[in-house]
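Visitor: Take this structure, written in structure tokens, and hold onto it; I'll ask about it next.
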Amino acid sequence: MKILRKNHPLLKIVNHSFIDLPTPSNISSWWNFGSLLGMCLIIQILTGLFLAMHYTSDTTTAFSSVAHICRDVNYGWLIRYLHANGASMFFICLFIHVGRGIYYGSYVLSETWNIGIILFLTTMATAFVGYVLPWGQMSFWGATVITNLLSAIPYIGGTLFEWIWGGFSVDKATLARFFAFHFILPFIIAAFALVHLLFLHETGSNNPSGLNSDSDKIPFHPYYTTKDLLGIFLLLLVLMILVLFFPDILGDPDNFTPANPLNTPAHIKPEWYFLFAYAILRSIPNKLGGVLALVLSILILAAFPLLNTSKQHGLIFRPVTQVIYWIFIANLLVLTWIGGQPVEYPFTTIGQIASITYFAIIIILIPVSNTIENNIIKL
């Protein structure tokens with residue numbers, strides 16, 4: 001068996017990626033979230049496949065087909081809530097994964113990092129089009145508001161959002177194409193995830209100390225396969241508690257009402273995992289400026305490798321940047337809270353301050369703290 005896995009053309013790839021892969025001996029549980037994201041993706045694809053068997057992408061029957069899945073299909077309620085809450089678990093793992101990458105300086109592996117940003121954007125797009133499919137009030141109005149932002153793009157904006165809508169409003173054509181996008185995008189994510197792994201295995205994993213670990217590596221199996229299995233078990237435990245005890249806690253009550261173009265909800269907001277970006281969008285009074293800030297709130301992650309001037313890898317021995325990092329995390333939580341609040345004083349002012357702080361920390365404070373720490377080393 002050992003000879004087979006080392007010589008067989010297909011098994012050799014698996015062997016080099018998951019069995020004999022040399023891995024730093026000191027990587028902590030923060031490195032588990034990559035495998036948890038893989039698990040989340042598998043859960044989403046499988047549950048999504050079964051949901052697609054019963055769902056109809058037509059404005060007249062979409063809402064009732066979701067109700068039919070929950071009421072009449074065997075374990076349909078379980079599949080639907082696994083899919084809906086699985087998306088939340090996916091984003092929790094994604095945010096922690098990116099946060100760990102920033103804290104431990106994984107952005108120096110620039111190819112892996114940039115593919116990760118593409119994965120992040122693709123996952124956000126998938127979640128957005130998926131949120132529209134149940135065709136509830138918040139689904140419809142969320143789709144209308146967010147796609148309408150494309151009209152802010154100079155020259156081509158008007159044509160672009162009419163093309164995405166498939167008409168002059170969000171209607172049957174929009175729902176049909178969003179369903180098609182939602183079906184195909186997870187497979188594109190899976191392909192990008194393989195490329196992400198390919199680039200990671202070219203350079204080898206980072207580790208918590210930020211030091212070179214070539215002299216102290218162990219095989220991935222059985223050490224980290226066991227560790228990953230424990231992480232997957234804990235993820236499934238949390239997901240099942242969420243699904244079986246609090247299935248609607250992360251949803252929006254407005255989505256229990258069928259979509260009605262003549263009745264606008266009091267407060268249109270996306271799912272919780274988009275609220276930080278939505279708060280940044282709303283904090284700028286100009287439409288085009290808001291859209292640019294929204295896009296930059298994610299694309300600014302690509303600036304980390306470019307702005308990194310530190311002589312040390314990661315934040316483990318950098319107390320000044322550690323403080324700034326945790327302020328950044330707190331600021332993100334404030335943005336998430338503001339995104340779910342109505343557009344009125346004092347929430348608008350807090351949102352504007354938090355948005356400025358978000359960009360200032362990445363562009364100004366972290367590079368300045370890098371310079372300060374580099375000078376401290378020289379003392």
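Heads up, the Cβ atoms here are built off N, Cα and C, so glycines get one too.
Feature annotation from Swiss-Prot assigns heme b b562 binding site to His83, His182; the stated evidence is similarity to another entry. The heme b b566 binding site annotation in Swiss-Prot covers His97, His196 and is backed by similarity to another entry. Under the heading ubiquinone binding site, Swiss-Prot lists His201. What Swiss-Prot records for 33-53, 77-98, 113-133, 178-198, 226-246, 288-308, 320-340, 347-367 is transmembrane segment, and it gives similarity to another entry as the kind of evidence.
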Visitor: Taking His97 (heme b b566 binding site) as the reference, which of His83, His182, His201 (the binding-site residues) have a CA within 10 A of its CA?
Guide: none
Visitor: Hey, which of 77-98, 113-133, 226-246, 288-308, 347-367 has the most Cβ-Cβ pairs under 8 Å against the transmembrane segment (178-198)?
Guide: 113-133
Visitor: Answer yes if the transmembrane segment (77-98) and the transmembrane segment (226-246) have at least three CB pairs under 8 Å among residue pairs 6 or more apart in sequence, and no otherwise.
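Guide: When sequence-distant Cβ pairs are counted, the transmembrane segment (226-246) touches the transmembrane segment (77-98), since at least 3 lie under 8 Å.
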Visitor: What residues elsewhere in the chain lie close to the transmembrane segment (113-133), defined as a C-beta under 8 angstroms and at least 6 residues from its ends?
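Guide: Contacts with the transmembrane segment (113-133): 55, 57, 62, 66, 87, 90-91, 94, 98, 101, 106-107, 139-140, 142-143, 146, 174-175, 178-179, 181-182, 185-186, 188-189, 192-193, 195-196, 199, 270-271, 273-274, 298-299, 301-302, 304-305.
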Visitor: Between the stretches 226-246, 288-308, 320-340, 347-367, which one has more Cβ pairs under 8 Å with the transmembrane segment (33-53) than any other?
Guide: 226-246
Visitor: Take the C-beta pairs under 8 A between the transmembrane segment (347-367) and each of 226-246, 288-308, 320-340. Which stretch has the highest count?
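Guide: Per the Cβ under 8 Å count, 320-340.
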Visitor: Between His196 (heme b b566 binding site) and His182 (heme b b562 binding site), find the distance joining the two CA atoms and give it rounded to the nearest Å.
Guide: 21
Visitor: Whole-number answer please: how many Å between the C-alpha atoms of His83 (heme b b562 binding site) and the residue listed as 'ubiquinone binding site'?
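Guide: Spelling it out, the Cα of His83 (heme b b562 binding site) and the Cα of the residue listed as 'ubiquinone binding site' are 30 Å apart.
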Visitor: Using a Cβ cut-off of under 8 Å, list the residues of the same chain at least 6 residues beyond the transmembrane segment (226-246) that approach it.
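Guide: For the transmembrane segment (226-246), the sequence-distant neighbours (Cβ-Cβ under 8 Å, at least 6 residues beyond its ends) are 29, 32-33, 35-36, 39-40, 43, 78, 81-82, 85-86, 88-89, 93.
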